[in-house]
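Listed features, source TrEMBL:
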- A:35-58: transmembrane segment (TRANSMEM)
- A:73-169: domain 'FtsX extracellular' (DOMAIN)
- A:189-209: transmembrane segment (TRANSMEM)
- A:192-306: domain 'ABC3 transporter permease C-terminal' (DOMAIN)
- A:242-265: transmembrane segment (TRANSMEM)
- A:277-307: transmembrane segment (TRANSMEM)
Amino acid sequence: MGAKYHQSGSFLGSLMGHHKEAIVYSLAKLWQSNLSTWITLAAIAIALCLPASLHLLLQNLKSLTDDKREVPTISLFIKQDISEQRARDRGELLEELSQIDKVVLVPRDEALKDFRKITGFAETLETLDENPLPHVLVVTPHINLIGNPEEDMEKLAAKLNTYPEIDLVQMDIEWVRRLRSILRIAERAIFVISALLALTVLLVIGNTIRLNIENRKEEIKVSKLIGATAAYIRRPFLYTGVWYGLFGGVMSLVLVHLALLWFVGPVNELARLYGSTFVISGLSVATTFFILFASSLLGLVGAWIAVGSHLRSTKLEE
Amino acid sequence: MIEFNAVSKQYPTGQLALYNVNLKLNQGEMAFLTGHSGAGKSTLLKLIALLDEPSSGEVIVAGQNTKTIKQRKTPAFRRNIGMIFQDHHLLLDRSVFDNIALPLKIEGMRHQDIKRRVRAALDKVNLLSKEDQFPMMLSAGEKQRVGIARAVVNKPAIILADEPTGNLDPDLASDIMHTFKQFNEYGSTVLIASHDHELIKEMKKRIIVLRKVKTTNTKAGLKNGR
């Protein structure tokens, strides 16, 4: 019995034909399917939603911390017994340093005025005999001299601390650094959550495909009887898995963006109250594609696992 | 084309289905396999189509010992055998056309060629007008003919049929048998398991009788008819 298969066209051509057939067939099956398919898709979408939205949250918090439009500053609190003139002189001397771009003196009286305006602590402040606020020098470092900002800022701060007039050096990036280290922990937490939810998606799709196989046992049997290869039988199921992953991914993106829309208003309001130019950002194109790719891959792997054990053997059990 | 040398088949349950079967079927030959139910007719056909393997002895199909065929090669091997079952094994959710096209799709044939071949097969079994219908809409005889069309559409070298007329009335049964004869005349080797003695005699082809295995140690061999 000679090899008379692939009578028409090349091996590649017939393989492409097989894939096309499997794609069309699996899509048609999905399209015809019932409520349970939608429930499965929704479960996948929700499972994917969580890591995606956590990622988005993290992304936004990060963008809040590396806002390049605001150059970090260092506040130098001058000792109480130092006169305004001496503070001003110190400021002028500091301005000559190469690392420093600009020094602005905020005299204690001006600071008090501003403080009254901003906080509504007016009455409380009235009760004090004297102004509790020190003179402050606001130092803007030379941003282009700063290669490794955090380290250089720290060095500069240490240097500034050695001047006798200065009581306290406070870097504005302190909170940024703290937040960043918190975010680094959050990043790991999200990774763990993502891994667990990816496993959930894998199991959901795997189980769906397994039921699918169960429902189409007869078809598989007949296909085997008339000489279908394991790959041929496996293919539509693998594509079904990919579709579940892909469509679940699309649904999760829609959900995330709907949620985002709901957040935009309040977040902008909050940003305005803080006088920040912060704007909430959505998922980047790269992230969007990554989510779709990852979810499709999960679908493929889930289907592969479900199909693998079932179809490996070409034997038939009647 | 088909050769059995001292083939026995015992199922894991202990049931002895075949014992020491020797048989030779030449290329282009047509033969009927008969015997009481339980004599192992179906088992014998399954051994040829690699649906099962012998416990001992060797089965040689188209010059190849079936034991030496790797599992990976089994599907390609099966594609050269057209198999017809008593219960037609059609896919109920696909049209007549799609059912018959299945073996060709598996082979990766182009769509135009599939269309042509399926129509030709349908024409041979006189069902050209039914290609868009679904199996549920067909009569038992028609379903069986669709099954035959599917088995022969890729022009297999060997056609095996297991009680193909079991569910049909005599006229239809005779019709089906003549269809097989026709395929044999086109060059296929045909082996049909049937217990319809009247009909088999009518066909004037070689008849192979399988005797039921009574007890172990009883030689239940094989008698070549005619």
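Yeah, the Cβs are placed from backbone N, Cα and C, and that goes for glycine too.
Curation plays no part in TrEMBL annotations; they are all automatic predictions.
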Would you kindly list the residues that approach the transmembrane segment (A:189-209) from elsewhere in its chain, counting only those six or more residues past its ends and only Cβ-Cβ distances under 8 Å?
40, 43-44, 47-48, 50-51, 54-55, 58, 237, 240-241, 244-245, 248, 294-295, 298-299, 301-303, 305-307
Cβ under 8 Å, sequence separation of at least 6 from the ends of the transmembrane segment (A:277-307): give me the contacting residues as numbers and ranges.
44, 48, 52, 55-56, 59-60, 63-64, 67, 69, 198, 201-207, 209-210, 213, 234, 237-238, 240-246, 248-250, 252-253, 256-257, 260, 263-264, 267-268, 271
Mean pLDDT across the domain 'FtsX extracellular' (A:73-169), rounded to an integer, is what?
79
Per DSSP, what is the helix/strand/coil residue tally across the domain 'FtsX extracellular' (A:73-169)?
44 helix, 22 strand, 31 coil
Please work out the helix, strand and coil residue numbers for the domain 'ABC3 transporter permease C-terminal' (A:192-306) from the DSSP assignment.
99 helix, 0 strand, 16 coil
